[in-house]
Amino acid sequence: MGVVKAEDAPTKTVAVVGTGMAGLVTAYLLRQDKYNRFDVEVFEAQDQCSFDSASVTVSSKDGTRTSRVDQPMRAFDRGYYANLTAMYDYLDVRYHQERFFFSFARLPSHGSTVSGSSMTEPQPYFIHSSNNHRIPPMRPEACGMWTWLSETVYLAFCLVWFTVLCLFVQPKDSRSIDGQVRHCESLEQYLRRIWIPKYFIKSYLLPGLASISTCTHAEMLNFPAKDVIDYKIRSLNSPHLRVSGGVSEVQKKLCQGLTVHFNCRVTTISQNDSTVRVLWESPKHDSCDGTSNQKTFDHVILAVPPNVVGSIFAPLKSEMSHIPTAAVESIIHTDIPATGQQHSHNALYQLDSHPVPPNWIHFRSSTHLTEAIHEDPETSVIVTNFPTTPIDPSKIISRTHFTRTLRTPRSRDIVNRIFDPSYQRRSASVGDESMSKRARRFINGDGNVWLVGSWCWDGMVLLEGCVVSATRVAGELGVEIPWRTL
């Protein structure tokens, strides 16, 4: 008696701020609630959903059809991205296996600082096939036989050594020592502890990892070691996959039936008893009828980077300042010489290309960062992240800057404290803060304000984090996650 059944519960109003993967998945799940308990509105600062906003549609090489080129490229695998893959299967999103060839080259020492100047063409020193689908590996034209053989043997030994240690030597976690917090082990500290050779780190490990996380080498070395080791173990020998037709296909399915207010930049989130007020700015148009707007909701879900969270939600302003973010540049272009490869004269491309053309990703590294270049096999389009090599401006299709959330041992502790209520009981807080002060700290869901995003979990800042955090919030609100029953 007195118990309200789920199907009889009053409708709750929900605002979702942001239309990346995390925001769209959360809004989709709430809207699909079988009891129809949520009235969802989505706010987006741009004039289109941000998840696919930087991608472009281009013609295929033969000109017979068009292809969608994702920016940035979003490859995944079944090992690490278990929740993402389950969601794709439920949504009937088609995806296919990709076999990449990774070429590793060194940029000239001046290449990363002198833009637009002529430079010596970087020569690959090794070519690796994803999941070793080509054995033995190809020999770069610039490498002599003995140099290539010695490099291959060295790399094979280091990879086996590193993999074994990842499986059996766990990174040190955060812990309390004499009442003081000791943050978890960074990747740099872990690699030093297990005696991984510096040449292997700077020539192979960092170029690949920094390209995945789109950050500098120094920023990658400061990631929690646990993030990287978990990623390495869970993705081991899992084939690379990509959504057929681009992530726009995912966006279409998630957006069906959603009410989205475009060109509405949320400026303030304020809590008021059991409701939350949202203030936003927008030009005068269809969905927002003034220059200053506000509305009260039962729940607000923030699906934005931590720097934006800190700027619009006062209770988290201080802690969000300790979660680093970086602006990353990505360019879609057709400047083939900018890849540094000449197809007709380079042994890189002397391989069977039928029926499927080779799928190249070039890692070109300086001492502090890696320029990642992906040659789309179906078009003549190239996507370059962290552009260092001069690109002909007339051949640039689009140039995008996006915010990338980084990880540090300290930021990991902050994130875990927010999203895992039991974490603070297992790990002491920093300094000499009193228990009463710590008790007032925000935990996800306090005051009906929720956070979701690729950074809102204990792992690499990738799409899997978007799905994990979105399903966690939906679950807290009593919504069943349909793909968990598959």
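For all residues, glycine too, the Cβ spot is worked out from N, Cα and C.
Note that TrEMBL annotation is computational and uncurated.
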Which listed span TrEMBL calls transmembrane segment, if the choices are 12-30, 69-87, 297-315: 12-30
Average the pLDDT scores across the domain 'Amine oxidase' (238-332) and report the rounded value. 92
For the domain 'Amine oxidase' (238-332), what does DSSP give as the number of helix, strand and coil residues? 22 helix, 40 strand, 33 coil
